Amino acid sequence: MVDSKGRPISRSAATGGWTSALFIIGVEMAERFSYSGISSNLISYLTGPLQQSMAAGAANANAWSGTANMLPILGAVVADSCMGRYRTVLLSSLLYVLGLALLTLSAALLSLGSSDCNPSKGEMSSCPPPSPFHVIFFFFSLYLVAVAQGGHKPCVEAFGADQFDNRDPSESKARSSFFNWWSLDHKAEVTSVHYHVSTPSEQVDSIHINSLTEEEVKGLVGLVPIWLPCLTYGIVFAQTQTLFTKQGNTMERDMGFGYQIPAASLQLFSSIMVIVFVPIYDLILVPIGRMFAGNPSGITMLQRIGIGMVLSATSMVSAGLVEVKRLKTARDFGLVDMPNLPVPMSIWWLVPQYVVFGISEVFIMIGMQEFFYDQVPCGLRSAGLALYLSVFGIGSFLSSFLISMIDSFTAKRGESWFANNINQAHLDYFFWLLAGLNFAGCLAYFYFAKSYIYKKFRGEVLPM
């Protein structure tokens with residue numbers, strides 16, 4: 001084990017551990033602010049200034065999210081096989097800054113159009129359609145950010161977890177807490193040279209992937225039955241940044257003094273629940289779990305994931321109930337054919353679905369991060385976290401596919417679930433469908449998780 005300058009160190013030195021991990025978490029916070037800002041407002045931008053239909057906008061937003069969450073697989077392969085995690089994070093960060101700059105320029109160019117155009121208030125009739133050049137430039141910039149995320153996301157988290165020596169039982173326990181506190185990165189930005197760099201002997205698995213034993217390969221294959229049911233959660237996750245926002249855009253958002261709360265900002269409630277619940281879980285629930293279950297992590301990683309899946313399905317039920325209420329209110333006030341007028345129903349009705357989903361994140365997202373990091377060989381840690389991210393990537397693609405297929409089928413019958421006039425659409429049906437899929441995923445998950453045996457790889461402490 002060496003420090004950033006290649007000098008041998010001992011674990012008693014002020015290197016590695018929480019000293020380094022906290023700086024790495026700070027870097028990730030800055031990246032998450034950027035990514036979340038894009039993903040939270042993308043559906044509104046696509047259906048507003050870019051004038052896409054709701055179905056097309058949701059499909060494009062999901063396609064981008066899917067790409068951004070699938071590219072980490074490629075980034076992980078590059079990092080684990082040749083470049084290393086540190087260099088991959090550095091290069092992808094530079095690409096990230098370039099992509100954000102171009103994306104800002106793209107939005108600025110569109111704003112230089114007609115002075116009568118006011119897309120922020122839904123007044124698109126006076127807005128000229130965007131030129132093909134602007135559309136191409138926008139999507140090029142958008143997908144450049146996705147490429148950068150592909151290199152940054154799996155490597156920086158694995159790099160942070162690497163600061164804890166898994167051969168030391170006390171540091172192995174601290175690493176479990178690291179994944180809890182890591183989740184706060186979504187919701188600060190310096191770095192340091194005090195990090196742990198693997199020595200050549202520790203990197204051998206990342207350089208020679210073919211040296212994996214047959215047992216380790218079987219261990220990787222054994223993750224698939226756990227990974228597959230989690231895809232239903234990925235589909236639900238896609239709705240929090242797309243259709244939940246479209247719901248809010250049609251509701252009463254006036255906060256007084258002429259200020260309207262942006263619909264996308266309600267995602268803050270999910271973030272607040274993570275910020276509030278992670279310390280409660282780590283400082284209160286985990287010690288209680290250790291007393292009764294004898295598990296250093298309180299409950300097992302698979303138990304955390306299962307609880308999160310049930311909660312995510314519950315959030316879809318809440319969303320469906322609110323949408324039924326919203327559509328009824330639109331009918332009662334004669335607003336079915338007037339989608340540009342807000343339905344006299346407070347946007348705060350959406351808070352429960354965001355709150356429940358936020359609590360589910362504390363369980364399933366943190367549980368999956370730790371599980372897919374812990375249950376892969378040392379040299380494939382970035383790939384393991386990329387596998388976790390692929391849940392959201394494939395989930396977004398599946399969401400896009402479902403929306404396109406359902407819209408095509410229901411539009412032929414004259415009652416599209418995703419009509420441009422959201423007061424004539426049936427998002428409630430879609431939310432019920434996703435709730436059913438998620439509960440089915442829960443049953444499949446519980447079946448496979450019950451028989452899963454935790455793996456111990458070379459030089460590691462067996463997880464509980």
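Heads up, the Cβ atoms here are built off N, Cα and C, so glycines get one too.
According to TrEMBL, the protein carries these features:
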type     : residues : note
TRANSMEM : 93-113   : transmembrane segment
TRANSMEM : 133-151  : transmembrane segment
TRANSMEM : 259-284  : transmembrane segment
TRANSMEM : 305-327  : transmembrane segment
TRANSMEM : 347-373  : transmembrane segment
TRANSMEM : 385-409  : transmembrane segment
TRANSMEM : 429-448  : transmembrane segment
Ranked first among 93-113, 259-284, 305-327, 347-373, 385-409 for CB pairs under 8 angstroms with the transmembrane segment (429-448): 305-327
Stretch with greatest number of CB pairs under 8 Å, the transmembrane segment (133-151) reference, 93-113, 259-284, 385-409 candidates: 93-113
Interface present between the transmembrane segment (259-284) and the transmembrane segment (347-373) (three or more C-beta pairs under 8 A): yes
Positions on the same chain near the transmembrane segment (385-409), where near means CB under 8 A and six or more residues out: 55, 58-60, 62-73, 75-76, 153-154, 157-158, 223, 227, 230-239, 242, 368-369, 371-373, 376, 416-418, 430, 433
